[in-house]
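Participant: I have a structure I would like to understand better, so I am pasting it below and will then ask my questions one at a time.
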Amino acid sequence: MTQTDSKQLMLGNQALARGLVENGCRMATAYPGTPSSEILTSVAAWKKQEALDDMHVQWGINEKVSFEIAYAGSIAGLRCAVAMKQVGLNVASDPFMSAAYLGVKGGFLIISADDPGPHSSQTEQDSRLYAMSAKVPVLDPDSPEQARKMAKLGFELSEAFEIPVMIRPTTRVCHARQDVSLLPITAREKSAEFEKNPGRWAATPKFRYILHNQLEEKLKKIAAWEDTAPVCLNPSVQSDKAVVVAGVSAAHARDIIKELDLWDTVRLYQVFQPFPLHTAFVEQILSDHSDILVLEETTGVIEMQLARRDRVQGKKSGAVPETGELLPEIMEGIIAGFLSVEPKSAIMESKPGRRPTLCAGCPHRASFFAIKRAAPKGIYTSDIGCYTLGMNLGAVDTVLCMGAAISQAAGFAHAYTDDKRPPIVATMGDSTFFHSGVPALIDAVVQKAPFLLVILDNRTTAMTGNQPTPATGRGIMGEETVSVDIEKLVTGCGIDYCITADPMDYPNFLDHMKAAVAHARENGPAVLISRSPCVLSLSKETRKAQFQKVVVNDNCDGCGYCVSHFECPALVMDENAELVHIDTTLCTGCGVCVNVCPKKSIEIKISEV
Amino acid sequence: MNQQIVISGVGGQGVLFITGLLAKACMAKGSHVLTSETHGMAQRGGTVISHLKIGDYASPLIRPGNADLLIVLKSENLAQHRDFLNPRGKAVVNAQTTFEKSASTAITLDADKMAEDENNPGSVNLYMLGGALAVTQVCSLYDVKEQIKNRLQGKPEALLTGALNALDKGYNQII
């Protein structure tokens, strides 16, 4: 990393990671997911750069496992953190809820990154509601710089009250970049020491009740803790009206209120800890102001705690949209309306952009094309990952959540009677299979559910930036790890029919696909492992060696079959000539498309030597 | 000088790369910078946009009607993102010169063709950045070249030469 002076241009996730490292975090775990993925890779980069040898950094197999590993480090007395995206917290919610009762020893941070919009998620859920539900304090950073500071604050809060603390950044904090100054790493010599106390760490329901009471007591004190108290950003102003902001909405509001010349007109309060909202702040703001506007993402968590419906406007009152990202132009209109001035910015009409697509040369495309050929009227359940984009090829009918492709396939299989059941094909990536596919597959074996599972094994977690999987054989630091054999895992789940084939060897692969679909219909669950590395992880040399020059010959009549059914971005319909041509800047020369054209108009050009 | 710049393209074109170069070049001159980027699913060939704010800002996002400069790496994105521009703002668009003649704000640069002619297809973004540097005062061609040199330190010499050449060619086309 280049360092021209002490300042670095830092991604929010990098800044948050820097905060962890600066403040003596000793164990950090995560499962990747946009917008959180770069947090752990950044922690690993600093571990390497700063030679923090006794720090443990690892990808966990899923968010629950990641949480539990880091949590154990905390109850052994070390500062620890776990990072995930908001829907990852659903997976980790079980230990999260329980850990709130048991509390912590070393500072423990749960970083749950929300994605209002949503930009790259299946829900717009607000992790702060989870914090409320678990009765855990949550901090809401407005920028990369503040995210870094909140790592320190969070560890201190966590240790002061022996409670897990959530940091909830949103996409616009995680994926903002800002010039941030580096602070030195604070060395913490402490070593792990687990003090046995089964009454606490293995508490039975009777003691859980006591712990629950203690948790409530902690929360009352946290609602009075000075260090996280809200601040008024323009305290010299006296106004009947007030605006309350948190997270990135606070950053937007500062600019908007200045630009609308309202900085000296209305009091602006920033909340750092949306839950528990400071008791004194609630009393003060309700006594000082007759009209209060709350701007926050994504649910009205602060608004809810300002329990005066007659004075408080926000999401619940209908003044602020309850769905979608709270963009600054939307905020500007709301603030202007609240203070009876004219907004300066217009709302931009949303125009459709280019939809995302599987990369040219992606092995998933070949798999999906074979699935449609082998099971043309099938039900196609799928899952979370790049391969969700199989939807563009008409080869994905359902996407629910991580791991659901298998259980939903089983559900469809049980829903239909034997005589009416269409072929059912589930698709799931290798990383997702490890994450949460395994229990579902065991269940399908036990129930003899007749469907085919195609594991799209590209040896990586591609969508989130090519993180390793348990099969990769490499850890986050590049260190060698055990590589878990997917075939053995599948057969260990009780599957008898498990075939591995290469989708880029398409004709052969299609034969395997047809046989596997037929087998599954008659005999219960079968698995086809479609193995070919992600095109993004291929070396230049490999790409060059595999390249085949593909051309469109005179047979092409521009029917468009390849464009709509194979949907490779390198196959372009030339609207004027009504023919298809190859975009040579995108084509990887994988040659799979020669199997697609019904008129045999795509062919491999054998170079004359 | 407060400046707001929107850079628009599709996944794989290197929108984030040139956003980072510009941001670092401005930082090196002592300015505060804030950017907002597209990551995740949209990077798979979908529309990608980044916001770059230089100066005294708290919010990482540019509101419609506020951008001073719009760099468009894929001409089809102009329709989608032109409303970010303020009335005096300029758009530099990767397109043939005949494109959008009616739009006085759009300055075209056929970066696809330039990249193809010079067998440098991965550098469309740098031709465009070069063109944009001829339009904006936010930092100089030299400032960005310094950042490219930093960024490509230790990489093959040909990569650096190709990148600097693309930047120069884009710049000279517009200036």
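Every residue gets a Cβ built from N, Cα and C, even glycine.
Note: TrEMBL annotation is automatic and uncurated.
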Participant: Look at the [4Fe-4S] cluster 1 binding annotation in TrEMBL, where A:CYS556, A:CYS559, A:CYS562 are given, and name the residue from A:CYS498, A:CYS587, A:CYS590, A:CYS597 listed for that site too.
Facilitator: A:CYS597
Participant: What is the separation, in Å, between the Cα atoms of A:CYS587 ([4Fe-4S] cluster 2 binding site) and A:CYS562 ([4Fe-4S] cluster 1 binding site)?
Facilitator: 14
Participant: Give me the non-local Cβ neighbours of A:CYS562 ([4Fe-4S] cluster 1 binding site): same chain, 6+ apart in sequence, Cβ-Cβ under 8 Å, ordered along the sequence.
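Facilitator: Set apart from A:CYS562 ([4Fe-4S] cluster 1 binding site) by at least 6 residues yet with Cβ under 8 Å, we have A:CYS568, A:LEU571, A:VAL580, A:CYS593, A:VAL596, A:CYS597, A:ILE602.
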Participant: According to DSSP, collapsed to three classes, what secondary structure does A:CYS593 ([4Fe-4S] cluster 2 binding site) have?
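Facilitator: It is helical.
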Participant: What counts of helix, strand and coil residues does DSSP assign across the domain '4Fe-4S ferredoxin-type' (A:548-576)?
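Facilitator: Here the numbers are 5 helix, 7 strand, 17 coil.
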Participant: Mind checking which residues reach the domain '4Fe-4S ferredoxin-type' (A:548-576)? Cβ under 8 Å, same chain, six or more beyond either end.
Facilitator: 357-361, 365, 369, 372, 392-394, 582-584, 586-591, 593-594, 596-605, 607
Participant: Suppose we draw a 10 Å sphere around the Cβ of A:CYS568 ([4Fe-4S] cluster 2 binding site). How many other Cβ atoms does it contain, all chains included?
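Facilitator: Total other Cβ atoms inside 10 Å, all chains included: 27.
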Participant: Rounded to the nearest angstrom, how far is the Cα of A:CYS590 ([4Fe-4S] cluster 2 binding site) from the Cα of A:CYS559 ([4Fe-4S] cluster 1 binding site)?
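Facilitator: Answer for this pair: 22 Å between alpha carbons.
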Participant: Count the other Cβ atoms sitting within 10 Å of the Cβ of A:CYS556 ([4Fe-4S] cluster 1 binding site), across every protein chain shown.
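Facilitator: Excluding its own Cβ, A:CYS556 ([4Fe-4S] cluster 1 binding site) sees 19 Cβ atoms within 10 Å.
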Participant: Roughly how many Å separate the Cα of A:CYS556 ([4Fe-4S] cluster 1 binding site) from that of A:CYS590 ([4Fe-4S] cluster 2 binding site), to the nearest whole number?
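Facilitator: Computed Cα spacing between A:CYS556 ([4Fe-4S] cluster 1 binding site) and A:CYS590 ([4Fe-4S] cluster 2 binding site) is 20 Å.
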